[in-house]
Amino acid sequence: MSERVRQKCSHSEEKYQTNISLETLDSGCLNSATVCGVDWTTLPDDTVIQLFSYLNYRDRASLASTCRTFRLLGSLPCLWGSLDLRSYKFDTAAAVSLSLRCKNLQRLKFPAAGSADAIVSLQARELREISGDFCRDITDAALSVIAARHEMLESIHLGPDPCERISSDAIKALAYCCPRLRRLWMSGVKEANGDAINALAKHCRQLMELGFVESDNIDEVALGNLSSLKFLSVAGTRNLKWGSVALVWSRLPQLVGLDVSRTDVNLSAITRFLSLSRNLKVLIALNCPVFEGEVDRNTMHNNKGRILLTLFSDIVKGVASLFADNLESVTDVFQHWKEIRNGDKNLDEVVVWIEWAISHSLLRIAENNLKEFDDFWLTQGAAVLLSLLQSSQEEVQERAATAVATFVVIDDEDATVHCQRAEAILCGDGIRMLLNLARSFQEVLQSEAAKAIANLSIDSKVAKAVAESGGIDILANLAKSTNRLVAEEAAGGLWNLSVGDDHKGAIAEAGGVKALVDLIFKWPPSSTDVLLERATGALANLGADEKCSMEVALAGGIHALVMLARTCKFEGVQEQAARALANLAAHGDSNSNNAAIGQEAGALEALVQLTYSQNEGVRQEAAGALWNLSFDDKNREAISAVGGVEALVALAQSSLDASQGLQERVAGALWGLSVSETN
């Protein structure tokens, strides 16, 4: 297969995390900060601090290690008020190395599994906000310890992965230890009983936003005791008794926004919420099958100025009605709000919450990938995602980019995208937006934007737009990232863009060939199989072009590919490495790559061994490489010397029921070897 797409999935975070080098963080001074006669230490302090602020943590620490001046400026509290460590391996050792810089840390995003002790080791007693991904393994005890050590916490977000081991005990601990709590959002909690929710009501008097999403056992009646709540989300939560829920929650005196998306809420409950709630402004009910089956869509309207957002209502106009006089002129609703903010704090809170809630539900709908949502995506869903890409909240931008990457995919295995959806993103200026996010210095944003660009680029019209908008240069630069996940998504983008002949030259000119070859040497095969498959897949596509094949060879690509063919055990990498060598060897009449591969130590032996693989794709590409290599006189004898004839005959005998492509390559390789009288 010549191209791949990647949808949102729950990866093991260990696989994608990059270590924060303790040596880098704690190193002393190097000899000089003078390069090419320029003394960088003479820059104004404000300028240096601004430069530091644009760097990721690894690069920030590296720059700080160059001299005493930069070390001092790089440790200033203003640079360490917020940390996003989701792409890094965050353990106790890393936390200890960061602790001296984190005394004034207020916002932390972290990979949750195994991070409880690390968070405590940061000694960041001023923490106000924490946000954790991959929360399946975080326990009641771990969360209770975090709460006990950080009584200043105001915001806790754990998800979107389910918090399967968190129950009422941890929620009670949060209530007792964090009385300043204003926002609590958890996905898939094991349970939240009445005692836990009443503890929140008693001790967290400033709690204004609560989310128990995609959970099973929530005491819905106790939620009615949270009189300070302004925003409540139970999206995706099951087993709610809507008859009592509607009456109890309608009495919440401060409730402004309610999200019941992806639940079995019915028409009666929706009607009661709209008619009985005193201060309710926004009710979100996206993908609620029971309600949608009962309601008359032609007669359903908003009551008393309250806004109901559904899949069949106009979401853009609904949100815009909160603040716009001329609804017809508003197409990009969240961008429009950013431009006209009028200082109304209450309204700003509402719009921020709507962005958060809608982005979460649209991502979940995209992940389900049901055909019944085709009309929604084409009529308004794509436009809403584009608007969310320009949100002022990074988390919302991330989810919107991930949703774009996901909803365009029809079949992940066959690399098939929905052309109409892809072109809806293209026509809405989505490529420019995604490329802007890919330029961000936030690595999670870079990776999600690169993923979306990669998947969209399977469509030829989008690929052309990406190339014309400078996307190839951006992806080539991202492929050099020290963050593994960013590099992986960039390699995927270059793989898809290198399909066909239109963009191969541009990739080479942008330094993409060298970046891809360097990836193979940079990352060990054991934990980077997907990254290496994408890099070798892109090199295989590029190797089909004569000029690019020479670039691959000059960049050390032959050695890199042979190394993978010999040592990597992942079948996807083996298949692409063999395909790449086959393509590089196909230009025997115009360059020396064919002979060079034959002379590379272990190359022919590796390809012969791959013909014994259990994977048909690997066998086919290995046979194809041997076929092309057999056009060189010396290679014919060398292939035979390492058992190539016996291997190919055995493969021919076992391939009577195999694909025509495999049979053709085996026959071709045997034919090529038979030119030699000895063979």
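Just so it is clear, glycine is given a Cβ too, placed from its N, Cα and C backbone atoms.
Just so you know, TrEMBL annotations never went through curation; they're auto-generated.
Copied over from TrEMBL, here are the features:
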type	residues	note
DOMAIN	37-83	domain 'F-box'
REPEAT	429-471	repeat 'ARM'
REPEAT	470-512	repeat 'ARM'
REPEAT	511-557	repeat 'ARM'
REPEAT	556-587	repeat 'ARM'
REPEAT	602-644	repeat 'ARM'
REPEAT	643-679	repeat 'ARM'
Other parts of the chain folded back onto the repeat 'ARM' (602-644), taken as Cβ under 8 Å at six or more residues beyond its ends: 1, 558, 562, 565-566, 571, 574-576, 578-579, 581-582, 585-586, 588, 594-595, 650-651, 655, 658-659, 661-662, 665-666, 668-669, 671-673, 675-676, 678-679
Secondary structure tally of the repeat 'ARM' (429-471) (DSSP, helix then strand then coil): 33 helix, 0 strand, 10 coil
Residues in the repeat 'ARM' (511-557) grouped by DSSP into helix, strand and remaining coil: 39 helix, 0 strand, 8 coil
For the repeat 'ARM' (643-679), the mean pLDDT of the predicted model: 91
Tally of DSSP helical, extended and coil residues in the repeat 'ARM' (643-679): 24 helix, 0 strand, 13 coil
DSSP helix/strand/coil residue counts for the domain 'F-box' (37-83): 30 helix, 4 strand, 13 coil
